[in-house]
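Asker: Straight from TrEMBL, here's the annotation block:
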BINDING   ASP21, ASP145  Mg(2+) 2 binding site
BINDING   ASP21, GLU59, ASP81  Mg(2+) 1 binding site
DOMAIN    12-153  domain 'RNase H type-1'
Amino acid sequence: MDSETSSAGAENRMQVEIWTDGGCKPNPGPGGWGVLLRCKGVERELSGGELATTNNRMELTAAAEALEALKKPCTVNLHTDSEYVRNGITRWHTGWVRRNWRNAAGDPVANMDLWRRLLDAAKPHDVSWHWVKGHSGVPENEQVDQLATEARIRMEEQKAGA
């Protein structure tokens, strides 16, 4: 596991563990996201999906939804198996903002709407961003993968019934 921190001050905050995952099949296609929030031994699951999306959009949505679910500023350990999310939030976004939301090649940043949403959602919190290898037997990662898969299947069924 690998981690980096983005801090908004951490004085006497509630400690929260968050696990997120997202995906779609095919990519692009119907997608789902899953979240596990754990605070003081209490767990809460969240999930949702979209009919037409990408893996990266679902990964970003999961992280944003998780942080938006917190009612007050917290100290957060957020675990994701998405290097795209972790690197974007800990490394790349400062350059994007400096270049007016353009990547190093000068093109508009993909998923800018969700990156902005995630940055806003993270602002009140002291977040440590942890990368975990997907499908490696980490129970919480497997749990959120299952939530995301179930949400994606609901989207597939909704699309088939449309």
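Keep in mind that glycine also has a Cβ here, set from the backbone N, Cα and C atoms.
TrEMBL: automatically predicted annotations, no manual curation.
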Asker: Using C-alpha atoms only, work out the spacing between ASP81 (Mg(2+) 1 binding site) and ASP21 (Mg(2+) 2 binding site) and round it to an integer in Å.
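Answerer: Cα of ASP81 (Mg(2+) 1 binding site) to Cα of ASP21 (Mg(2+) 2 binding site) measures 7 Å after rounding.
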Asker: List the Cα distance (Å, whole number) between GLU59 (Mg(2+) 1 binding site) and ASP21 (Mg(2+) 2 binding site).
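Answerer: Roughly 6 Å, rounded to the nearest whole number.
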Asker: Kindly report the helix/strand/coil residue split of the domain 'RNase H type-1' (12-153) according to DSSP, in that order.
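Answerer: Helix, strand, coil within the domain 'RNase H type-1' (12-153): 56 helix, 49 strand, 37 coil.
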Asker: Ten-angstrom check, please: count other Cβ atoms within 10 Å of the Cβ of ASP81 (Mg(2+) 1 binding site), all chains counted.
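Answerer: Counting Cβ neighbours of ASP81 (Mg(2+) 1 binding site) within 10 Å gives 23.
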Asker: Quick one: of GLU59, ASP145, which of the binding-site residues has the smallest count of other CB atoms within 10 A?
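Answerer: So among GLU59, ASP145, the binding-site residues given, the one with the fewest Cβ atoms within 10 Å is ASP145.
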Asker: Can you check which residues sit near ASP21 (Mg(2+) 2 binding site), meaning Cβ under 8 Å from its Cβ, same chain, 6 or more apart in sequence, and list them in order?
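Answerer: Within the chain, ASP21 (Mg(2+) 2 binding site) has Cβ neighbours under 8 Å at TRP33, GLY34, GLU59, ALA62, THR80, ASP81, SER82, GLY134, ASN141, VAL144, ASP145, LEU147, ALA148.
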